[in-house]
Amino acid sequence: MGKTAFATVVVAAFLLLLLVSPSTAEIKTLTITSDTRPMILLEKFGFTHTGHVLIAVSSVSVVASSGSQPDPSRLGFFLLSEESLLQVLIEIQQNPNFCVLDSHYIKSLFTFRDLSPPPAASINRNFPVTIANEYSLFFANCAPETSVSMAVRTELYNLDPDTSRDYLSAGQTQLPSLFFVFSVAYFAFLALWFYLCHSNRRSLHRIHLLMGALLLMKALNLLCAAEDKHYVKSTGTPHGWDVLFYIFQFIRVVLLFTVIVLVGTGWSFLKPFLQEREKKVLMIVIPLQLLANVASVVIGETGPFIKDWVTWNQVFLLVDIICCCAIIFPIVWSIRSLRETSKTDGKAARNLAKLTLFRQFYIVVIGYLYFTRIVVFALKTIAAYKYRWVSNLAEETASLAFYVVMFYMFRPVERNEYFVLDEEEEEAAEIALRDEEFEL
């Protein structure tokens with residue numbers, strides 16, 4: 001690899017990995033095997049003025065394709081803040097031979113020159129971080145055509161006033177309480193929904209039971225997220241709560257997309273069956289959500305140090321976009337079907353009410369998807385690292401609002417928008433149905 005190409009790879013690594021890297025950390029152990037990448041992003045973490053970085057490296061092996069032993073000072077670990085990123089990129093672009101370990105804008109931790117002599121070739125050090133900021137922990141290999149193998153254990157944490165360790169980033173310490181509060185809200189919502197279903201058993205349909213199951217999975221998912229973050233915050237490991245979190249997350253997401261599709265088709269309360277094209281939507285969405293859940297596990301349980309981490313992020317994003325588009329079609333089909341039916345069945349008022357409800361549901365779904373995918377991402381991008389939890393608050397608030405609106409619109413009541421049969425409104429309804437207001 002030429003020196004210019006080498007510098008280009010370094011720049012690309014900085015830009016690409018920093019754009020997609022998470023702002024979370026816990027105690028992590030990873031193994032790097034015969035890796036030739038010039039830059040490896042290990043963690044990204046928000047430090048207070050009492051921050052610490054503990055790194056233990058062992059079983060280090062450096063192999064050069066030329067056969068000569070590379071300079072150990074050309075391989076090492078460092079911290080880099082986003083404010084200094086631009087300056088480092090300028091240095092690399094101006095001088096392709098420049099090694100990032102020589103930059104004045106990084107906080108160098110150690111190089112391979114500091115390792116214990118072979119065969120141990122290891123180091124275990126704790127580095128204080130006294131300047132509060134969000135830093136990325138990198139490993140740099142400035143020896144071209146050199147592969148590195150090693151075992152790395154990292155602990156990034158801040159010290160609380162009582163000197164206890166907080167393994168959550170400075171912008172995420174509020175997440176355990178946040179998720180717990182929302183889980184309580186959903187359990188209360190579930191109790192209210194159960195009461196409504198029990199009080200209106202004559203109007204109860206199978207979709208209402210499925211909606212209740214969705215609420216239960218959402219509440220359990222948030223409860224597991226709260227416990228996961230709580231244990232990571234205090235001990236650095238999730239103690240198995242991450243497994244339950246991913247299980248309930250998968251069930252919850254599949255149920256959410258399924259409920260939106262089934263409500264959009266009018267299943268169980270307008271018709272007892274699904275058409276072939278509606279079944280195909282479900283057959284597409286459910287397997288894709290399985291793939292998205294696998295990608296979510298890989299992203300959350302590994303980190304940017306694995307070579308395919310960026311690819312898994314792209315897979316997750318692509319699958320999410322496809323599913324969000326797919327669930328819109330049944331709602332559009334229902335609106336068009338109701339428009340066609342209204343021209344022949346002579347029940348203008350009832351069809352107008354149904355069309356109005358489905359049109360409102362269409363707008364609510366679009367608004368929910370737009371907010372949770374675009375607005376929340378923008379908040380994560382522009383918010384200072386200490387306020388990164390605000391994006392989680394916005395996402396959960398929007399989700400709760402969406403659930404409340406959707407469940408209210410399709411609640412089990414004996415007299416609702418589906419059964420409006422006021423004869424005095426028939427003529428006005430027929431005029432409204434002839435307008436184009438329901439065209440999408």
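Even glycines carry a Cβ here, placed using N, Cα and C.
Lifted from TrEMBL, the feature list:
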- 1-25: signal peptide (SIGNAL)
- 28-158: domain 'CAND6/7 N-terminal' (DOMAIN)
- 175-195: transmembrane segment (TRANSMEM)
- 176-416: domain 'GOST seven transmembrane' (DOMAIN)
- 207-223: transmembrane segment (TRANSMEM)
- 243-269: transmembrane segment (TRANSMEM)
- 281-300: transmembrane segment (TRANSMEM)
- 312-333: transmembrane segment (TRANSMEM)
- 361-383: transmembrane segment (TRANSMEM)
Long-range Cβ contacts under 8 Å made by the transmembrane segment (312-333), restricted to residues 6 or more beyond its ends, are 20, 257, 260-261, 264-265, 277-278, 281, 284-285, 288-289, 291-292, 295-296, 298-299, 358, 361-362, 365-366, 369, 373, 440
Can you say which of 175-195, 207-223, 281-300, 361-383 has the most Cβ pairs under 8 Å with the transmembrane segment (243-269)?
207-223
Can you work out which residues elsewhere in the same chain, 6+ from the ends of the transmembrane segment (175-195), have a Cβ less than 8 Å from its Cβ atoms?
168, 211-212, 215-216, 218-220, 222-223, 225-227, 229-230, 233, 389, 392-393, 396, 400, 403-404, 407
Using a Cβ cut-off under 8 Å, which residues of the same chain at least 6 positions beyond either end of the transmembrane segment (207-223) come close to it?
179-180, 182-183, 186-187, 189-190, 193-194, 197, 244-245, 248-249, 251-252, 255-256, 258-259, 262-263, 267-269, 396, 399, 403, 407, 410-412
For the domain 'CAND6/7 N-terminal' (28-158), what's the model's average pLDDT?
90
Same-chain residues near the transmembrane segment (361-383), Cβ under 8 Å, at least 6 residues beyond its ends
171, 260, 263-264, 320, 324, 327-328, 331-332, 335, 390-391, 394-395, 398-399, 402, 405-406, 409-410, 440
Tally of residues which DSSP labels helix, strand or coil - the domain 'CAND6/7 N-terminal' (28-158)
22 helix, 72 strand, 37 coil
